[in-house]
Each structure stands twice: as C-alpha cells, then as structure tokens.
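Below: the structure, in structure tokens.
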C-alpha cells in the first residue's frame, strides 16, 4: 500500500485534470425521474365542501341511497381520485350528523391517488366524508418522493396524513429494484412527522432477512425524529473489529441527543458515546460523554493503574443573554494521556499535545467589558505532567474614543496561576495597561500613533525547589514597569490595469511601523503563560513577540512591508502578494536565559515574512507563505498549496508544510516540542484528490510523506458507490499514532471502514467526497 497509494493518486490527479464533463445528470434528478409527480392542479380548501365528479360507461341506482357505476369508472373530489372497473356508491343518513355518510366500494383494477400517495389493488373502499381509504392486496407509491411497497391491506387515515399497512413492506428503491426493504406486521407512515413506524420489523437485503426488531422507526424526510440511525462498521489494528449503532433522540424542539453503542472487539467491551445538543436563552451548546467501562488492552499495557475505565467529556457553549452577558465554555478532558491514540474522536486527535478546560462569563456594554474565566490544561505526556492553570482570571477593558483627536483604552488583568505539581512556582499577577491613540486618515492612507504604559506586579510563592536548582533566582515580589511607543502608517494606491483584463484593478499598499519598548530584565519572573507567537506577514506588525504577559521583549525596530492586490470587475480578489521585514536597531531581549537566541546579540534585518494568494481561474488557486528568522537559523516556517477544484466532488490539491526544529522548540511547550517525532522539525509533502470515476462511483485519496524521516505520515483511500436507494462507502487509512521510545520507531494505525447509507429517506444524494475528505486525520482545507 505504501507505493500503491501515490501511484493511484497520480492517476486520479491526471484524470481529474483532463476528464471531460461527460457525467450523467445529478443523481437526485435521476432518482426523481422514477418517482411519480402530481400533475393535476392543486385544489385548496375543505374537501367536504368540494363537489364529487363521477364518470363511467354505465350507471344505475336507487336514489338517493345507492348507485352502481361500471366501465372505466373515474371519481374525483378535490385532489383525490378513485378509478376502478366497478364502483358502488352508498349514502346513508347518520343520526346526529348534518351530512349523510357517503361510502364507496371499488372492484377490479382499483387505482387511488392524491397529491401524497398512489394505491393500487383489486379491491378498495373509501369514505368520501372523512377521506379514509382502504385497498386490499395491492401496492403503493409515494408522490413526489421516494418510497413504495406492498401490503395485504393499505389504509389512508387522518385526511391522508397516515398510510397504514397490514403485513406490508417499505423501500425507498425505485420500481424494479428491491435491494433493501423493511417488512412488518403493521407499518404506519406519518407524513406530518415524516416517520415510518414498523412493528415486528424484518430488514431484508434482496429476499434475505438479516435483521429483526419488534419495533423500528425510519425517517422519511428531513424532519428531526427519534429512532435508530444506520449502523456502520470498521476494522483497525488498534481495536480490531468495531461496530456502531447510533440512536437519535429528539428530546424537545431545543434539544436532542445521539446515543451510540460502539463495540470494540480488542477492547472487549462497548463504549457508550453520548452527544447532547441544546439551545437555551444563554446560548447554544454541545456536550459529549464517552464511557468505556473496562479496557483489557489498557489493563495489559498499564498493570499499575487502579482502573481501566476510559472516558471523554467535551463541552462547548457560546451565547449571549440580555444583550450584555456572554457565556463561553471550551472544555475537553479524558481519562488518560493515551486516549486519543487509542480512539478516534472528532473532539481531539493523536496529534494534540494537551486538552483545554476553559470557562468564562463576560459582561459587555458600550465602552466597557469584563470577563471572569478559569483555564486549565491536561497535558498528554507521561514524562512531563507540569502545566499551569489560571484560577481565576479577570480581564477588564474600558474604551473612550473621540476624546478630542484621541482614542483611549484601559486594559486590566488579574490572574492567579496554579501548577499541577506541588513543587513548582505559583503566582498572582496584576497588570494595568492604559493606551492612548492618535488616529489620522484620509482616502489614500492612515497613520496611527500609539503610546502605552505597561505596569505588572507579581507575587510569587513556592519558590524553594526551583531556586535551589537554578542559578537565576526568582523573587517573591516583582514589579515591572515599561512604556511602549508605536507609529504605524499605511497607504493604498490604486490603478486600473486594462492591459490584463477589462475592469481589473491593482492596489499597492505599503506599510511601515516603528516600535519602541525598553528592556526590562525578567529573569526573576517565572514563565507562566508566554510562548513565541507564530508569525506570518500580518504577524510582523504585532507589538508583542510573545503571547501572554510574562515575557515582554524589548524593541527598537522598524517593520516595513508592502502588499499588492488585483481585483476583477466584480471586485473579487484574484491575486495578492505581501512581503515584509523587521529591522532591529538593538537586540530584542527579555533577560530569560532559557531563550537561546538572546545570547547571540543580533541586530539588523532578522525576520522576513511573505504571503501570497493567486486565484488563477474559477478552478485553479494557489496559496503560500514563508518566514525567515536568522535568530532561529534560516527558514522558520513555510507552507504552500495549489488546488484544482471543478466542484465539491472533483478536486486535486498538492501541499507542502515546513517548520524548523528550532521554531518548534521555541513555539511549543517543552514537553511537546521535544517529542521524538518533532526533533528534526516538520517537512511534509501531501496530495489530496477526489473525483467521480463513473456515473455513481466516487473515489478520494490523500497521501502525506515526511521528507525528514523519509516515512509516510498519513494516507487515506475511500471509495463510495451511490444509488437512488443506498450508498456504500469503503475506506482505508494508515496514520501516524505515536512513537515507540523503546524500539525507536513510529507507530502506525491501519483502519478499514465500511458504511452503508439508505438513500431516498432524506434529501441527501451526495457522492460522499466531502465527508471522506473531512474524516482524515489531516483534513482537507479549501485553497480557493
């Protein structure tokens, strides 16, 4: 497979680029060709107030009680129509009823239809007052949507809301194909709720029954309904055979849940995956609780652990209440560091180094906002479990613009840092940052002059263990005060470029910024939350080198850059390119001996960055970026991608990602950046392709190769067949799943997945390419 997937990808790329548009019409349109439509004018109003029209070759009767019609009988009332060889009409006075009860018995080639359903059989009956209808020993077909079957007795009730089948069957396959069907002793199709309820249900593939349930629900529309969803299965080297049987629970209009028993053969148990979604006055949210009672593989690999229970809890919430209160939750926690290596989960990945648990409550009115939050981290490292949490953190902003020619702002923060280890330093930090801006602008440019005053106080505790092992000592009480001054100027020049194309416009946008921050020795402050910020072109113009407040680097620098853009006649950006640099008049320092490049005493032009985007045509696009930092030795990061995209099912993308080992060490936490797989940095080339290969077949492939390690990083191949009544998807993925320190080699997980989807029950007729692309561990991202 290691050699075959790149070869297959090359074939897919070539065919995607040069294939013709000779595919058949959209699958949904094809499927609807086999579905009857209602072709008579739709009649509105109360059916009982509408006249009854009867046409027949012969008629006789005993007026007003009975009448018999024979020969091509055709009875119409409103949208309902009944045809038969013979029809007997009966009319009887009912005690207490203002209208007589009119019923119809139909014999021979009975055909009933309205704008909802068609019923056919040898014998029928109808109540013209209630529109109740029976047809014996016949078949039915939904109108305007897929769905048909047979029954010993078919009944229309509730003014055509319900179709009830005695000893009946149901399938969404088109006439002439019974690939799958469900048969039951009673089937009730509720058009209003868009659901089919089946008692004593047997699910059949062709003529063979393969599943029985005393009760089953099938959705027959896009409306939310409780019931079992389609099961799926896969095989992986991590868990062997896996089987999923999801159940959807429509709890209320503002909340629902999906409960999925997930059987894993190698683990010897069932994981219960529970996803709950809700909408409240305080916002919308999603919770996930996955629980595996015991794991025999984990027991063998971790014999000293007290429990082999595995679990995940995820909660995401975002909302606004009363227009002033903000509530946000971003919480992920797992039972152990190996969880995402052992189990696939959309709320985390084996490439993650940690999980975040954050809660925040905010209050915002004009010119003022405040947020109280707590933030914790769960580190996925067996060797280093040290991490800091903010318990709690208060952030306050006050704005007052148009104070004469000035804009003003005061930012304040108070936070208490706690470590997961008892011997590590802890601190309370209070920060105050008043800012004054003088913004000036006109039609062709702007200049913003800004002055800040940065005042921070630290009260550090629990320093004995750290100070006894380091030459640089931490102080219990530290005050750091520094000013900051910045001038940022931009200009925009524009011209028409008729030589390129009529209506095209080019801009030239030079930008220059001077930043001054004096040096303050911060070696007596522990680093609680600062790390080097990742840079692109826009990042060159940040006034901070580090995130957080523990490390504020000195600056005496000029940043210059230029951006050029090209817009077409519809004002769509077709091309842009940006190039910029930072020139240091003095070395940027914090006094932290752990930051290695501060010892080099480098000045001059040290950091370069560039970004570009080119929408070559409606189908071709290119993106790229590069950062050069001499402090980190040569190129720090780079990325590029080129994509051909005809539509969502036909695309090819080639991409490359690079990060130097020095850059990873500087930007990621130590426990993560020193992992074996990152010691040589990242140099990864990849290809993604998808296309329909026939009328109803589609294929997706992805391949990523690490040029540093000369090893495959990830590969995926998926094939889907889609028809009008079912879709089958088979996928293979080989992904990097960790590092074996004992054997010094990468650990891979191989997975083979199998999924079946019943079609015609909803409006989804997609070829499945986007779902397969998103399921990869390195998901596809659109370049266009």
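Backbone N, Cα and C define each Cβ position, glycine as well.
The structure displayed is predicted, hence computed values, not measured ones.
Per Swiss-Prot, disulfide bond is recorded for 31-724 (among others), and the stated evidence type is sequence analysis. Other C-beta atoms found within 10 angstroms of the C-beta of residue 31 (disulfide bond) number 21, with every protein chain shown included. DSSP assigns residue 31 (disulfide bond) to a helix.
Look at residue 725 (disulfide bond): DSSP puts it in coil. The disulfide bond feature in Swiss-Prot is assigned to 173-725 (among others); the stated evidence is sequence analysis.
Annotated signal peptide per Swiss-Prot: 1-24, in sequence order.
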Structural state of residue 173 (disulfide bond), classified by DSSP into three states: coil
All-chain count of other Cβ atoms within 10 Å of residue 724 (disulfide bond): 23
Densest Cβ neighbourhood among 173, 725 (disulfide-bonded residues), 10 Å radius: 173
